[in-house]
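Peer 1: I have a structure here, written as structure tokens, and I will follow up with some questions on it.
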Amino acid sequence: MKNFWMLFLIILLGFDSSNKSFIEGKEYSKVYNKMSDRPPPIIEFFSFLCPYCYDLEKKYNINHYIHKKISKNLIITKYCVNLSNGEFEKQLQKIWAVSVIKKLEKKILIPIFEGIQKKHTITTIPNLINTFLKLTKMNKHDYDFISNSFVVKSFIYKQERIEKFIKLDRVPATIIKGKYIINDMIIQKKSITNFINKYIEIIQFLLNKKL
């Protein structure tokens, strides 16, 4: 009898953990227009000027835990936005596009966040570009060529089309399957671990959601 109740409890706990449910309008919302042309499973919009975006990368390390707890092969497409249409943000957007094309994201992401928000060593477009060149060991000629290339322009054009289509109005914004946006601010931040676990649970729930 004792063994029966232990088995029942294990089954019950297993059933509970695999059937977590979240509420539309609370933990997540539908995007304004659903993307229909086979969007990546996860799209993240961020800004190097956004303190909360910095927290997601540095403090919570969300992408690391997505790959660790969901799948190491899960594709995450990341875009740096220019919501203010300012020249400095435009250059940040371009630098990020170059980084993605050249697979240099990990070399520049945290250092540029820190240079802008923590150390305040990146305050102008020239020292932004110089910092990027130092971090990536790229020369200025190559950077100018790549940053003005068709590939980079196409990357930014596609990004801005998505932003307009879904009516992006804030960062950070995590879009799941081109249908849902996570409401980050509703997730309680009692502890780093609590926030990470809840965030990952919501992503997993939306990735598995049928409709």
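Positions of Cβ are set from backbone N, Cα and C atoms, glycine also.
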Peer 1: Need the cross-check against Swiss-Prot: the disulphide partner of Cys50, picked from Cys53, Cys80.
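Peer 2: Here Swiss-Prot pairs Cys50 with Cys53 via a disulfide bond.
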Peer 1: Among the disulfide-bonded residues listed here, Cys50, Cys53, which has the most company in the form of other Cβ atoms within 10 Å of its Cβ?
Peer 2: Cys53
